[in-house]
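The next block holds one structure in the form of structure tokens; read it before the comments.
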Amino acid sequence: MSKLSLSSLDKSKLEGKKVLVRVDFNVPLNDSGQITDDTRIRAAIPTIKYLINNSAKVILAAHFGRPKGKVNEKMRLTPVAARLSDILEQKVNLTESCIGEEALAKSNSLNNGEVLLLENVRFYEEEEKNDLDFAKNLASHADMYVNDAFGAAHRAHASTQGVTKFLEPAVAGFLLEKELKYLQGAIDAPKRPLAAIVGGSKVSSKIGVLDSLLDKCDKIIIGGGMIFTFYKARGLDVGKSLVEEDKLELARNLEAKAKNKGVELLLPSDVLLANEFSPDAESKVSQIDAISGDWMGLDIGPQSIKVFQNALAECKTIIWNGPMGVFEFDKFAEGTNAIATTLADLSSFSEVCTIIGGGDSVAAVEKAGLAEKMSHISTGGGASLELLEGKTLPGVAALKDA
């Protein structure tokens, strides 16, 4: 689904226009209210700067946290406005509310090239209900709409979908355009062989993705805690490892489907066990058919790392979603770090397209300092998963077709 983007609009028509830009500024804060990671803010800068440089009046709409439709002083966008002002090196004013007279007066008094941040749209319950009156009020700030919030594109909310009924044109920003190009491109027209690495602790959260990827991939590598549900389904003893007892039949079906479709499904042959769930746990490597007693698997083993690396070396496109083990514990981060390093090397030296599909795998790549070496790092968790599942994202579907 090809959508009109900001880059395809006539630059001269942006001058003096009030542009409502939906951004994803849902950043983590520490206990003293300071931003600990501004990646999402920085990801929106190309779109914001482009509008500033083309003399538009920029009005930003964003959500923060889950205030449940009520004003929550801890979820105001004050720290975001301050950080954005620093990055842009110009003052970004914040409204007291995203709609109403005060906000409208501020958006109407903007000069060309100025930026206004509307207060948290989720302070109104109408936002998540996609209420059209609320959407119309939001739209009244502007002449046109840009969605650059990939992380919220899977939500049919007033600021992602409803506003498009009142603003024309409604187009994709640079970040959203890039996300769609890589993620949609990897699914619709990848360079082959295409491999997906799916990790994480639960099969249940990745069922849709695994099922969808079996129709598209040449190889699927599975790691993380979910491997033990597959092993248990094969009748193996997994000790005290995490298992979803109600998903055993599903695991069997996924393995059978892969076999029928000729997709190479790779599970680890060895794992790193721990005697307790702790960063300082005693550990040992075990073959998957030799796990017993009180031990639990917290990472993939060295033999599996080599097998996975060899399998990935044959691929031209690789999508990674979910860690190989409990990478938050250094002792059990080897599998995840090895995959991150392998992808960085393949991307740098072999022109392999490497896509890190949101969530914990992004955190793992950033922790390893390898983010810059990947072809694309997705800013969306749930949105990435839904796109990989082949679902239509409401915030994207609402935009003007190219």
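Each residue, glycine too, has its Cβ placed from N, Cα and C.
According to DSSP, GLY65 (substrate binding site) sits in a coil region rather than a helix or strand. Listed in sequence order, the residues of the same chain lying 6 or more apart from GLY65 (substrate binding site) and placing their CB within less than 8 Å of its CB are ASN26, ASN72, LYS74, MET75, ASN120, ARG122. Look at Swiss-Prot and you will find ASP24, PHE25, ASN26, ARG40, HIS63, PHE64, GLY65, ARG66, ARG122, ARG155 tagged as substrate binding site, backed by sequence analysis.
Of all the Cβ atoms in the protein chains shown, 19 others lie within 10 Å of the Cβ of ASP360 (ATP binding site). Taken from Swiss-Prot, the feature ATP binding site applies to LYS206, GLY297, GLU328, GLY358, GLY359, ASP360, SER361, supported by sequence analysis.
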Inter-residue Cα distance where the pair is HIS63 (substrate binding site) and GLY359 (ATP binding site), in Å: 18
Fewest other C-beta atoms within 10 angstroms, as judged across ASN26, SER361, which are the binding-site residues: ASN26
Other C-beta atoms that fall within 10 angstroms of the C-beta of GLY359 (ATP binding site): 21
Binding-site residues listed as ASP24, GLU328, least Cβ neighbours within 10 Å: GLU328
Maximum Cα-Cα separation in Å among residues ASP24, PHE25, ASN26, ARG40, HIS63, PHE64, GLY65, ARG66, ARG122, ARG155, which the record lists as binding substrate: 18
Alpha-carbon spacing, GLU328 (ATP binding site) to ASP24 (substrate binding site), which is rounded to whole Å: 25
